[in-house]
Amino acid sequence: MSDRVNRVVLIGTGFVGSSYAFALLNQGVTEELVLIDLNVEKSEGDAMDLNHGLPFAPFRTKIWFGDYSDCKKADIVVLTAGANQKPGETRLDLVEKNTKIFQTIVTNVMENGFNGIFLIATNPVDILSYAVWKFSGLPKERVIGSGTILDTARLRYLLGNYFNVDTRNVHAYIIGEHGDTELPVWSHANIAGISIRDWINNKEQYKKEDLEEIFLNVRDAAYHIIERKGATYYGIAMGLVRLTKAILHNEHSVLTVSTYLDGEYDQKDVFIGVPAIVARGGIHEIVKLDINEEEKAKFHHSVSVLKKTMDSIDWNKV
Ligand SMILES: NC(=O)C1=CN([C@@H]2O[C@H](COP(=O)(O)OP(=O)(O)OC[C@H]3O[C@@H](n4cnc5c(N)ncnc54)[C@H](O)[C@@H]3O)[C@@H](O)[C@H]2O)C=CC1
Ligand SMILES: CC(=O)C(=O)O
């Protein structure tokens, strides 16, 4: 690592934001972490509480409750502010209120001289990533949504369980909207280089129909968790730390993020989840998987649902 001090500013210290801060501290990823939230007392309390864990952390992270002027020196501004889903609500139902909140936040960040990378988790994350790109005027490479990083993790976990293999040896992606129209890329899914199709065909205890059930559990995981405990946060928090590390440590890691498509996957002018190489400058390159016709049709549908929702937003009057 260079001698430069890395700074992350986190805006929104609710369930997702505070879990991210905790995970970031525990993994020793950044020298400085600034917390900002409308709820000043909560955010101040979080900064105090996290600082008291420093003697047990692997690395010295300076943490404080800050304000927008701290964004000027930030490498990454992480956005987890805004409304979350109530039971029965879809992510797309949040679009209106969270776009308004984001206009205010992103304007404040940019007016304070920010020139780094935005990392976004607030839902609907694909549309809000597009909004951040529009509101900030930053190059598309420097606006990254968490996209389907969590859905991909859920798929890898469930497949690892099903085949009784370490989830880190499962290579499979969910792409598309982080939401109800996402899709698994079965055509490229493999464990230790052997395709999922072959794993199924080679052992009689495995069944193709089970894969569909696994996917439905991935797609609907947020609903299942929200019904039980009101919100999801640990998984996405760890996914955001993974992304933060990939950026700050210039890892060139392939992660399924929401990024701007400009012709890739035959789509234009949309932020959506696809595998991409993530490094210090942000999105280094989009990985273009040769997906099959069925996957192409589902991906196209996912794009069209996002675009239809975006069309309902009057960007000049947000
Ligand atoms: N992308 C993903 O995979 C996931 C995304 N999410 C999304 O993350 C978002 C946050 O969820 P939670 O943390 O559960 O919600 P939360 O309600 O616990 O936290 C939201 C925080 O944002 C703050 N906030 C609201 N407006 C603000 C503003 N203008 N400036 C600064 N702070 C502001 C609130 O005070 C609150 O502390 C939701 O949109 C949720 O759907 C949640 C889980 C996974
Ligand atoms: C809430 C949400 O987006 C998730 O857990 O996937």
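Including glycine, each Cβ sits where the backbone N, Cα and C put it.
The substrate site recorded in TrEMBL comprises Arg91, Asn123, Pro124, Val125, Asp126, Asp151, Thr152, Ala153, Arg154, Thr232 together with one of Gln85, Gln103, namely Gln85. Cβ neighbours within 10 Å of Val125 (substrate binding site), excluding its own Cβ and spanning all shown chains: 29.
For ligand 1, the binding-site residues lying close by, meaning a CB under 6 A from one of its atoms, are Val125, Thr232; the full candidate list was Val125, Ala153, Arg156, Thr232. Counting only same-chain residues at least 6 apart in sequence, those with a Cβ under 8 Å from the Cβ of His171 (beta-D-fructose 1,6-bisphosphate binding site) are Arg156, His188, Ala189, Asn190, Ile191. Sequence-distant contacts (6 or more apart, same chain, Cβ under 8 Å) of Asn123 (NAD(+) binding site) comprise Gly82, Asn84, Gln85, Arg91, Leu94, Asn98, His178, Gly179. The shortest Cα-Cα distance from Thr104 (NAD(+) binding site) to any of the recorded positions (Val125, Asp151, Ala153, Tyr223, Thr232) is found for Val125. Candidate binding-site residues: Val125, Ala153, Thr232. Nearest to Phe15 (NAD(+) binding site) by Cα distance: Thr232.
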